[in-house]
Structures are given as structure tokens and as C-alpha cells.
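Features as listed in TrEMBL:
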- PRO2: active site, schiff-base intermediate with DNA (ACT_SITE)
- GLU3: active site, proton donor (ACT_SITE)
- LYS58: active site, proton donor (ACT_SITE)
- ARG261: active site, proton donor (ACT_SITE)
- HIS91, ARG110, LYS152: DNA binding site (BINDING)
- 2-113: domain 'Formamidopyrimidine-DNA glycosylase catalytic' (DOMAIN)
- 237-271: domain 'FPG-type' (DOMAIN)
Amino acid sequence: MPELPEVETTLRGIQPFIENQTIQKVIVRRPCLRWPIPKTNLQQLIGYRINQLQRRGKYLLLCTDLGTVILHLGMSGRLQVLNKPVKADKHDHIDILFNNNCLLRFTDPRRFGALLWTNNNPQEHPLLKNLGVEPLTRHFNHHYLHTQLKHKKIAIKAALMDQHIVVGVGNIYCTEALFMAGIHPTLPAKNVSSLQLKQLVVAIKNILRRAIKKGGSSIKDFLNSLGKPGYFSQELQVYGRADLPCLQCQSILQMITIAQRSTIYCSRCQPIPA
């Protein structure tokens, strides 16, 4: 599933082509993805300009004077900008044509993505209003994490993947950040020390920034707006490397399941506290 780096990469890829551009035509080829597509609202956007593109967690917001389109890429969704006609495939569900002749196409083979509409403040939409902090902002720090985690008995890995605490970290980047910080993924969240929390915040920010710089990670489906994969997957230290030697100490990496997600760690580099 695309996480924060992949969604941010998508935003940066499409932004120069559609921001401040006026919508000329909208084509909706199926009635629903994960939820029904608001076809009537989309058709009403013709003649309106995209004033701003924003990202909130793993959601993309296309803001206009009429309202806001809320997009989620789901498991296999992709947004691409086309500057010449390309015949739609069976998985190309929505096209938005702009006055500069650029076409924004939403492709989603598995159809777990979503395109929603709101006339109100998008930050108050039910899917967005209870999201946690953005991990790349100053609000995400060890003081915030301590407040959020001090009473939680669940594994630190599970806590970091809770979108009500921090958004968009996801399985790949959470696994990598815990390794970088030297924290065992099963350690109860409330038992993570102040020093470990500081190291963890630094690790999460570092991993996410590097991933964005590399265009995200393409493990299965992700391609950016130009149809190219993300290259951070080439730098992964532990994710996807179960039963292989640790790149730091040569111990064999272990795989367990936490919160129904595969979790890979090094028992030597990430020891369980005595």
C-alpha cells in the first residue's frame, strides 16, 4: 500500500501540471471504487480551477472554490499525468482534463482506492478529522510520542502504525525506523525510554525524507506519476530480508507478525531490554 513517501511523491509529480489549471472535462468509467464515486459533483467541477493540492496522511486533496476532491490510492492506485491522448485501459477509472491539455488519470487495478467529495472543510471530513500528526512536522517529537504512548501496552510497532497517533509511516518505514533506532518491535509502547523515543523520532523523519528523495518504495504496485518505480526499496536494511544476514552485524534477520503485518528485525541490533 502506498504510504506517506509514495503519496508525497505522487503529489509532487502531478502538482506542476494541474495546480492553478482549470478543469475542462471529467470522465468517470465505473460507479464505485472502495466507495461510490461522486460523479455528479465531479461533473460540476468543469470550469473550476484547482487552487491547491495538499496531502494529509495518505490522502490527496484537490482544492477548488466549489469544494474538495479527496483521493486515496488504496492498495494499487496510481495517478498519472498524460500530455497526449492515451487509450484508457480497463483499470483506468477516472480522467480529468485540464485547460493546458494535461490529463490526470486515476488507475486502480484492485479498486481499494477512493475518490470522495466534500463541500466543507476537508480537514473535518470523517476520514481526516481524527488523523494523528504529520511525522515530518515539528509537532511530531519525543514529547508528543511520550504523551501518546505512556499508557499503551501494545507493541511499539503496532502503535506507530496507528493512524490516530501518527500518519503515513506504514509497515515498510516503521520496520526500517525501528531497526535504525535499535528498538525491538515487540517492546510495549509504554516501556520505550525517553532516549529511545528521541532516537525513534529522528529515525522516522530520516527514513521518510530519504524515501521521498528516492521517490518512495516500489515493492509491488507503486509507480509514480511518470510511470517510474520508487528507488528507496534498494536501500531497505531489513524489510523484505527475512532469513538473510543483517547488513550491520550479520545475524540472521527474524520475521514475526505484529498487528497482522509481517515484521522483520535483528535480534542483536534490536535486543529486547532485560
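Each residue, glycine too, has its Cβ placed from N, Cα and C.
Whatever TrEMBL says is automated annotation, not expert-curated.
Taken through DSSP, the domain 'Formamidopyrimidine-DNA glycosylase catalytic' (2-113) splits into 20 helix, 42 strand, 50 coil. The distance from the Cα of HIS91 (DNA binding site) to the Cα of PRO2 (active site, schiff-base intermediate with DNA) comes to 17 Å. The residue listed as 'active site, schiff-base intermediate with DNA' has its Cα within 10 Å of the Cα of these recorded positions: LYS58, taken from LYS58, LYS152, ARG261. In this structure the alpha carbons, written CA, of LYS58 (active site, proton donor) and ARG261 (active site, proton donor) are 18 Å apart. Listed binding-site residues: ARG110, LYS152. The one with the lowest count of other Cβ atoms within 10 Å of its Cβ is ARG110.
In space, GLU3 is the closest of the recorded positions GLU3, ARG110, LYS152 to ARG261 (active site, proton donor), judged by Cα positions. Residues HIS91, ARG110, LYS152 are listed as the DNA binders, and the farthest two of them sit 42 Å apart at their Cα atoms. In the shown protein chains, 26 other C-beta atoms lie within 10 A of the C-beta of PRO2 (active site, schiff-base intermediate with DNA). Cβ neighbour counts within 10 Å, taken over all protein chains shown, single out LYS58 as the most crowded of the recorded positions LYS58, HIS91, ARG261. The Cβ of GLU3 (active site, proton donor) lies under 8 Å from the Cβ of LYS58, GLY168, VAL169, GLY170, ASN171, ILE172, TYR173, GLY216, each on the same chain and at least six residues away in sequence.
For the domain 'FPG-type' (237-271), residue counts in helix, strand and coil come to 0 helix, 12 strand, 23 coil, using DSSP.
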